[in-house]
Amino acid sequence: MALHFAHLLWKWQEGSPSLRLDVYIYDYLIKRKLITTAEAFVKETEAKPFVTDLQKINVPGGLLSDWWPIFWPSFISSPGDLACPEVLIWNLRNNLEQRSWDAHSSFITDISFRPNESMLATASSDRTLRLWDASQGDCYFQAQCFTGHSTQVTSVEFHPNYTSLLCSCDDGGKTGKAKVRFHPRGKILASAIGHTVNITDVETDERFKCLQGNRDNKPLNSICWIERINCLACVSDNCAKVWSTDGQTVRELNRNGYFRSCSFHPRYPNTLVIGGYESITLWNFAENKVESVQAHGCHLSDLDGCLATGLLASASHDGCVKVWR
């Protein structure tokens, strides 16, 4: 792969670096079947002559796609990476920042509040998991730091009932975003690593189900539970899937949506809310009806709903957090 990459750079050495990057991006979009986005990209960059150069990139998934798993471990392990190491807490009554502090030496990948308490857990690409306590005042102070993960910690969650129990996972050096999520009743744990979801009994630590996330073995990006109908959902790039707790597939949605996050609708349990690129997709899997709305200016990295208020929150790489009714 390295030789192939070097060969491409040599063949295009007469072109500018920005033109070569344009070709890589366009090639990636075409091979992901994001045709409309690719055409818009050509129009914005005014780089129409490079389209014929796609024949030189003999990589089925696109050069950027193949090289990302190689660049990513180097990026997250680079010293001095201080991108998004800060935790911000907001007061929803006035939409003002409540407090913030530097929590890690690298960016934060997941966050979880201990149920009904002031304890907060953060996971980071600096390979640590940290607990923060605000019970003694307005400022959070570090209560504990856990080490032992060999790569970035991608997910963390407190047990819903046994609040002294905390679960975390890393990506194991694999592509994708490994996730752990307790069932709301706390008896079982779902862990999404690679393209499968493992269901584990919390008390016995026994894995009793392994669910296939999608047909094309794409890495899973997000998982979520809903207690009211006892279902589990997951999303990968182009697929969303809902299971019953006995492991039976309820429904599957396949489309070019670049799915990144998911959450069951807080008021309509048969509707899965899916965060993609710039848009939120509402999928009524009971009736298999789909509706999409423009929501952000970039990927939606996370979604969560509140049963008490019916509100839905979305976070995006565009730097915005939005609350929806």
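Even glycines carry a Cβ here, placed using N, Cα and C.
Going by TrEMBL, these are the annotated features:
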REPEAT    101-142  repeat 'WD'
REPEAT    293-325  repeat 'WD'
Non-local residues, at least 6 beyond the ends, that sit with Cβ under 8 Å of the repeat 'WD' (293-325):
90, 92, 222, 258, 260-267, 273-280, 282
Provide the three-state DSSP residue tally for the repeat 'WD' (293-325): helix first, then strand, then coil.
0 helix, 22 strand, 11 coil
